[in-house]
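Heads up: the structure comes next, in structure tokens.
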Ligand code: ADP
């Protein structure tokens, strides 16, 4: 089993500081309450006699101990440690021994119990077995837990091991009950008469108390896990129960008797609460992990899609141009009298398109590798000029008139040259495509100016088909496109690049027709002219 699965099991999970404090507080509270009751010397004060309480108490013990045993067995089936098998059997023991104890209890199912003879004698014997047995299971658990090499069950299946434990424990309890009934006349007596206990009971109570103390000491020495910590509290409550109801022996329905039952219920259900709490926490963590995993998978798919779409989108256009120009160039050369000058022009354009494709790939790489951005001081007008040169062929092909205007004194800006060129290239290509699909005057205006706060605004205005107002919000969304061959990635990439430069990318309608995209880059004061 993988190490991290082991770490999630209660018997291996180390207790947190809060859990340690909580356990200490619970233990202190119980010991103080018991001390308070003993100090008043009022244990024998008779409280209301609720007859239904004994069967209810028995049922509650049976249910909570059985559930605890089932949960502990489940933990055992994960880690397969013998120690866990033993402590689970301890809870099976306490759950099952309650049955004959309740059957024999005088006045519960019959005035003298259902097991015949001197039933209260059998009841006390069963009580003694119950209370002496549990600390022994805890001692065995503590000893096995730190045994080296770790005592793990390998040969037997978890199911058979659990079944064997239940069968052995149930057989032991049945045999003990049978022997108690069969030989009750020969047994040393716990009761002197119907009300008073003999010295044997006090010896037994001392033995149970000593066993509980030994269990606490062993757990303390070997304590490592959450289960160890809470078992210590359980044993402390268990010890308190024995002391409070035996020294002196509390009569039924007295304050001491009620306090003893409360301790017993508490010690029986503490581990159950802790188990349920921890299992819920692990379950919540599991749900969180599954959600995070599926989110991550989704994000990876989207990123993968986005990268593929971007590469396809950005590269397709220069590639198509390269092919057309290569064919045209070849045609010029194929003539009977080759037109060398014209062919040369086409090949120059091919070189420019190739550079453009390379720039685009660099841009995509820089965009996805955020740390790899190279920020330098640059002149935006030079960048615009270079970009217009890259699309020179397209502009000519679609008979587009270019108006490039600039305020002479523009400050330099700090930015990633390749990324900003990619933005300009994308916006200009979109403008060309918007105008190519429409007849009429085709004008591309690229205007750079100073903004009021000393930054730079670059507007790319076209006289194309324009953007319907209902689409203005969507065009920046990844994968939104209205073009049959479009990828819908260009504008979303442009916006993320501009925003990573602390700028804004805006869009508004051009007058009388078309669209204007405006890049706003805020002012940055040059301190040095070196690469950042
Ligand atoms: P693509 O160009 O692959 O469709 P973009 O993200 O670059 O992806 O553009 C998204 C959409 O925005 C385009 O399909 C188009 O409808 C619209 N668009 C972008 N620029 C313009 C423009 N200059 N004129 C009109 N519509 C535009």
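Cβ from N, Cα, C; glycine included.
What TrEMBL annotates here:
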DOMAIN    310-525  domain 'Histidine kinase'
TRANSMEM  22-40  transmembrane segment
TRANSMEM  52-72  transmembrane segment
TRANSMEM  84-104  transmembrane segment
TRANSMEM  124-144  transmembrane segment
TRANSMEM  156-181  transmembrane segment
TRANSMEM  201-221  transmembrane segment
TRANSMEM  228-249  transmembrane segment
TRANSMEM  269-290  transmembrane segment
Across the domain 'Histidine kinase' (310-525), average pLDDT on the 0 to 100 scale:
87
Counting only residues 6+ away from its ends, which parts of the chain sit with a Cβ under 8 Å from the transmembrane segment (228-249)?
11, 15, 19-20, 23, 26-27, 30-31, 34, 37-38, 43-44, 87, 131, 134-135, 138, 141-142, 145, 197, 201-202, 205, 208-209, 212-213, 215-216, 219-220, 222, 256-257, 259-260, 263-264, 266-267, 270-271, 274
Applying the under-8 angstroms CB criterion, which one of 52-72, 84-104, 124-144, 201-221 scores highest with the transmembrane segment (156-181)?
84-104
Can you work out which residues elsewhere in the same chain, 6+ from the ends of the transmembrane segment (52-72), have a Cβ less than 8 Å from its Cβ atoms?
84, 87-89, 91-92, 94-95, 98-99, 101-102, 105, 107-109, 253, 261, 264-265, 268-269, 271-272, 275-276, 279
